[in-house]
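Novice: From TrEMBL, for reference:
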type	residues	note
TRANSMEM	26-43	transmembrane segment
TRANSMEM	77-97	transmembrane segment
TRANSMEM	103-121	transmembrane segment
TRANSMEM	142-163	transmembrane segment
TRANSMEM	175-192	transmembrane segment
TRANSMEM	241-259	transmembrane segment
TRANSMEM	265-285	transmembrane segment
TRANSMEM	306-327	transmembrane segment
TRANSMEM	342-362	transmembrane segment
TRANSMEM	374-394	transmembrane segment
TRANSMEM	414-432	transmembrane segment
TRANSMEM	439-460	transmembrane segment
Amino acid sequence: MDSLPRSFNPTKHLKEEFVSNLTGSSMLKISVLLTTLPILLLLRNSIGSQTLTDADIKEASAKKRDSEIVASKNLKAYLATFFVDFLLIVLPMLLLFTVLAEWIYIATILLSLLLVFSIAVKRSPRVPRLEGPNSFRTTISSYRVATMFMTCLCILAVDFRIFPREFAKTETYGTSLMDLGVGSFVLVNAIISRQARNVSSSLTWWKASLKSTSPLLFLGFARLVSTTSVDYQVHVGEYGVHWNFFFTLAGVSILTSIVNVPPKYAGVLGSVILVGYQSWLTNGLNVYLLSDERGMDIISRNKEGIFSLLGYWGMYLIGVQVGYYLFFENRSPSTPRSNDGTWIRVWLLSIMFWFLTLLLDWHVERISRRMCNLAYVTWVVAQNLQLIAIHVMLSGYVTGGKISALEKAFDRNLLPSFLLANVLTGLVNLSVDTLFVSSISALLILTAYAFTLSFVMGIIDFSGVRLKFW
């Protein structure tokens, strides 16, 4: 009996220490790094994206029922296109986050010049400006997917030494690449939510809330049980002892369903909540939340996750009004504004939120993802609007056709892709001692992980499976 391992995860404490007490990076470096996301997506579109359209996929699915040979050929063509998408989007992103991170400024300049060259070569006045990737829905979908790519790559890469520590989540105050993950997911989904589109549900508020939160609560408890049962490493300072990302999403959904306000006033309510929460923080709550001391009650043991809900709820409400103002005001929910001229409005809002971020960070309280304070919220809004503005502005000059198959596959099953990424991350961590592998081995493992995630999501999308939780 003594020869049996005492834990599935013998280096648990070392792994927890590896991602603890970090201070992050500069906002400038993070902004430059993230600029590569829309550039990579637009480069893929400009080179020529998927060869199979939605109609092709539906046709292939129909033929599957009639002829296994035809279906096999279409699946092979789809996967071939998917593989090209992986090589041009996901793999460069992985390299930029790891081995090329030291040269990120040079890499961003080179990628920008390559995109400009591609646009200059392929630009044709005969192509209508709103074709292909130029619609608003396509732009937001592409950006959401890019954010999810980043998150899925980082949650495993952070456990390897090949991933710069400055990109890992900060302990108390500061900014880093991974600090943007949950905030960006909440914000971007708020911008295109039913509330932002002013679409009313046929269900009562409690039925609608139950429908949207039940899967999230299930996933939250499933993650809690699974991590506890295998003694998986958990950085308690991130959300608390029992809390996790899925509980935060469920909490935001519940609060939004209970307090349902028109989209044109959502930002006002969000601002009031955030200002009130920030006042509470500066009057002593921040000391409590950043303290390592915890009582035995459920609130004290999960204080970071519970109290930060106020910040994420306020962020969601601001995102609702931003989406309504930029894209859906005086419009049918099914016909948002085109990209023409919209990028100017997005840039102006981004500049305003950047100004607020610097003001708050310097004179009120430094940015803290752990507490989701006011400065963190304005930073997340500013950074995401900046990237959306870049995407919207440049997409008008890209004439390469439809968005990639990879983007569509992830966009149709966004939260399930994150769930699968978590499962794969857990399997890798329980199978490999991530702290002590060489840089080459780490890169190969991360590439295999990213390819497996992309391949599975492609097969799911080709099969016509759609899972929408939030």
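Cβ atoms are placed via backbone N, Cα and C, with glycine included.
Keep in mind that TrEMBL annotations are predicted by a computer and have not been checked by a curator.
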Novice: So, do the transmembrane segment (265-285) and the transmembrane segment (439-460) meet, by the test of 3 or more Cβ pairs under 8 Å (sequence gap 6 or more)?
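Specialist: Contact absent: fewer than 3 Cβ pairs fall under 8 Å.
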Novice: Under 8 Å, at least three CB pairs between the transmembrane segment (414-432) and the transmembrane segment (374-394) (pairs 6 or more apart)?
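Specialist: No, the transmembrane segment (414-432) and the transmembrane segment (374-394) are not in contact.
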Novice: Under 8 Å for C-beta pairs, could you tell me which stretch among 103-121, 142-163, 306-327, 374-394, 439-460 has the largest tally with the transmembrane segment (175-192)?
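Specialist: Against the transmembrane segment (175-192), the leading stretch is 306-327.
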Novice: Between the transmembrane segment (374-394) and the transmembrane segment (142-163), are there at least three Cβ pairs closer than 8 Å, leaving out pairs fewer than 6 positions apart?
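Specialist: Taking Cβ pairs at least 6 residues apart, the transmembrane segment (142-163) and the transmembrane segment (374-394) are in contact, with 3 or more under 8 Å.
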Novice: What residues in the same chain, six or more past the boundaries of the transmembrane segment (77-97), come closer than 8 Å to it by Cβ-Cβ distance?
Specialist: 33, 36-37, 40-41, 43-44, 47, 49-52, 57, 60, 104, 107, 149-150, 153-154, 157, 163, 167, 177, 404-407, 409, 443, 446-447, 450-451, 454-455, 458, 462
Novice: Counting Cβ pairs under 8 Å that sit 6 or more residues apart, are there three or more between the transmembrane segment (342-362) and the transmembrane segment (439-460)?
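Specialist: When sequence-distant Cβ pairs are counted, the transmembrane segment (439-460) does not touch the transmembrane segment (342-362), since fewer than 3 lie under 8 Å.
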Novice: Checking distant contacts: for the transmembrane segment (306-327), what same-chain residues at least six beyond its ends satisfy Cβ-Cβ under 8 A?
Specialist: 136, 182-183, 186-193, 195-198, 239-240, 243, 248, 251-252, 255-256, 261, 263-271, 273-274, 277, 285, 289, 299, 336-337, 342, 345-346, 349, 370-374, 376-377, 380-381, 385
